[in-house]
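Marked as transmembrane segment by TrEMBL: 20-43, 130-152. Per TrEMBL, domain 'DUF3592' is recorded for 58-113.
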Amino acid sequence: MDTPGTDRPPPSRRRRVVSAVFAVLCGILALVMLFIGGVLLLFGHEDYADYTGRAEAVVNAVESEEGSGITTAYVDFRADGREYTRVALYGMNVPELSGGDRLTVAYDPADPGGEVTTVESTDGKVHDTLFWPGVAAVFAAGIAGTGMLVLFGKAIGLRLKRPAPAG
């Protein structure tokens, strides 16, 4: 009940506003967790098991995209009697590299001139470090989304109807 002389809304209205605010916060949290989980699942699902070819490579160039924090290393290597130049290096555990550095790369024998990766990235267990946290983040997004729906329902005054007693 409203106390005379106060500007406070009745408790039911105040609860609805609080529920709406928390519903919005849960919705934002759900979207953020879904995005993070999606990215982790995408990168955690990379499979370099077919990259069975090995070659010694020399870093040709290292380029950074301004403002994005993304750095790409390009390598030159020889495989199956052919020279491959400026091939992008992908994968997990890519060390800090600079022009002229040497490293062993793994490549797909069916497409040696395609992308190459570090040898460490061919171990399937490496990608589990991203995959399972991604699953957890998507699960957390589902929980936050459910919380958002429940709170939104409270904010608009939805009530569950109980079945009438049998009689």
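Every residue gets a Cβ built from N, Cα and C, even glycine.
Assigned with DSSP, the residues of the domain 'DUF3592' (58-113) fall into helix, strand and coil as follows: 0 helix, 31 strand, 25 coil.
Below 8 angstroms of C-beta separation, residues 127, 130-131, 133-142, 144-145, 147-149, 151-152, 154-155 of the same chain, each at least six residues beyond the ends of the transmembrane segment (20-43), sit close to that stretch.
If you average pLDDT over the domain 'DUF3592' (58-113) in this model, you get 83.
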